[in-house]
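Taking it in order: structure first as structure tokens, then the write-up.
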């Protein structure tokens, strides 16, 4: 669920996700096209691809269960949709954390009209 994803990102990065990531680069937030602008934007590209692979459910609105153990996200539960969705969100949140040093404020509200490179496939 998007609200759970928000909490994961906040825990992993310390940043407010809606401000910091909702409009970042060419892939963070709604939609996506062109080539990812940097490593953070690539996290969003990979997250979008991960969601595309989740079939038979709507990953954006599926609730899942997770916990934090020693600073690590642990996805819990059994149903396919929720477990896979949680893993997609977990990977993205960790990716954001791992790329904090290269986060660029200039991409924070990047207009998608500048995302003109050919779109990469998953």
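Glycine too: its Cβ is placed from the backbone N, Cα and C atoms.
Per Swiss-Prot, these features apply:
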type	residues	note
DISULFID	26-115	disulfide bond
BINDING	27, 29, 31, 48	Ca(2+) binding site
DISULFID	28-44	disulfide bond
DISULFID	43-95	disulfide bond
ACT_SITE	47	active site
DISULFID	49-122	disulfide bond
DISULFID	50-88	disulfide bond
DISULFID	57-81	disulfide bond
DISULFID	75-86	disulfide bond
ACT_SITE	89	active site
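Everything Swiss-Prot records as a feature, shown here on the structure.
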| residue | record | contacts (Cβ under 8 Å, 6+ apart) |
| --- | --- | --- |
| 26 | disulfide bond | 32, 33, 34, 35, 36, 37, 41, 45, 110, 112, 114, 115 |
| 29 | Ca(2+) binding site | 21, 22, 23, 44 |
| 31 | Ca(2+) binding site | 112 |
| 43 | disulfide bond | 28, 92, 95, 96, 99 |
| 48 | Ca(2+) binding site | 27, 32, 122 |
| 49 | disulfide bond | 122 |
| 57 | disulfide bond | 80, 81, 85 |
| 89 | active site | 4, 5, 8, 47, 64 |
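Note: the CA-CA distance between residue 88 (disulfide bond) and residue 75 (disulfide bond) rounds to 10 Å.
Considering other CB atoms within 10 Å as the measure, the emptiest surroundings among the disulfide-bonded residues 75, 86 are those of 75. Annotation for residue 50 (disulfide bond): spatial neighbours 87, 88, 91, 92, criterion Cβ-Cβ under 8 Å with sequence separation of six or more.
The Ca(2+) site, placed at the center of the C-beta atoms of 27, 29, 31, 48, has further neighbours from the same chain whose C-beta lies within 8 angstroms: 26, 28, 30, 32, 44, 45. Counting every protein chain shown, the number of other Cβ atoms lying within 10 Å of the Cβ of residue 115 (disulfide bond) is 19.
Listed disulfide-bonded residues: 28, 81, 88, 95, 122; maximum Cβ neighbour count within 10 Å falls on 28.
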